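Asks: Sharing the record's features from Swiss-Prot:
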BINDING   C59, C63, C66  [4Fe-4S] cluster binding site
BINDING   C103, C134, C194, R266  [2Fe-2S] cluster binding site
DOMAIN    44-262  domain 'Radical SAM core'
Amino acid sequence: MSASTTATTRHDWALAEVKALFQQPFNDLLFQAQTVHRAHFDPNRVQVSTLLSIKTGACPEDCKYCPQSGHYNTGLEKQKLMEVQKVLEEAARAKAIGSTRFCMGAAWKHPSAKDMPYVLEMVKGVKAMGLETCMTLGKLDQEQTKALAQAGLDYYNHNLDTSPEFYGSIITTRTYSERLQTLAYVRDAGMKICSGGILGMGESLDDRAGLLIQLANLPEHPESVPINMLVKVAGTPLAEEEDVDPFDFIRMLAVARILMPKSHVRLSAGREQMNEQMQALAFMAGANSIFYGEKLLTTANPQADKDMQLFARLGIKPEAREEHADEVHQAAIEQALVEQRSSEMFYDAATA
């Protein structure tokens, strides 16, 4: 193992060397990833997030993996943008069960001018509760990123999904360059980036390596890198894809950890299909973030109590973050709710 692998943050990875990491013996790869992980993180701490779908279904994008796409008949019930108060109530629940970050996702190509004021109120309200805030709203322009940053948004999620070469086989309604441009706007506005991809869409090893290279060779690494395993949903074009080999998925996590040593690598969608042994291997490979709770946008996620039971058996604890004192925290929640009740924007955006 080279010293540079454990000590240096790089932005010049080449395909051949990344493929060589993937092709190592499994135990060697995990040892290397765990060594890198321990150099930058407490190996027995995992960051815990909760994800809420604030607007579900009827998305105009044609992402072949997604049950929210309006192009496919998946039986998913379309829902309007959630009211701000309801979002804050869900955020309070997430806080109560141990989440430190609250992520809000909307099935949009991009947020409209009509919806942005409501979105900004959600950010401000959740932030006031002492939670980190994250949103995924689709493509953003420069003004929207500035507005979100000013409202206090900590993270913006915008996945690259796969390699540039394979991307056109999965999505045709948005270009890869548009995704990269959104990430650039987010970074320029001073927010942190959450960006990763999906395994199990029919991609090759070159594509998996290519995705990680795109992320690792950005001017700054994403602070959070979600690695998703395809959740096959009837009605989507990828519903019959072959399952991802569990060891291949663990390899993806390990290589992500080596390439982006200071990033949180998130064990994301597909965790419901993983047994406890596979999840334990994922943490050994350097995954140190999970989504917590019963739903991951529109697909099932392991129940929160099961997560805590597994953490206890593995000696893992949720990653701590700076908190307000209980009294101040409760006051912040109450104040946020009062402000929302008195705001003219405290209504369903779809009726505006």
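Yeah, the Cβs are placed from backbone N, Cα and C, and that goes for glycine too.
Could you place the listed features in the three-dimensional structure?
Replies: Mapped onto three states, the DSSP output places C66 ([4Fe-4S] cluster binding site) in coil.
When secondary structure is read from DSSP and collapsed to three states, C103 ([2Fe-2S] cluster binding site) falls in the strand class.
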Asks: By CA distance, which of the binding-site residues (C59, C63, C66) lies nearest to R266 ([2Fe-2S] cluster binding site)?
Replies: C66
Asks: So, three-state DSSP: helix, strand or coil for R266 ([2Fe-2S] cluster binding site)?
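Replies: Strand, per DSSP.
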Asks: Around the [2Fe-2S] cluster site formed by C103, C134, C194, R266, list the extra residues of the same chain whose Cβ is within 8 Å of the site's Cβ centroid.
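Replies: Counting only non-site residues, the set is S49, L51, R101, T136, Y155, N157, S224, P226, S289, F291.
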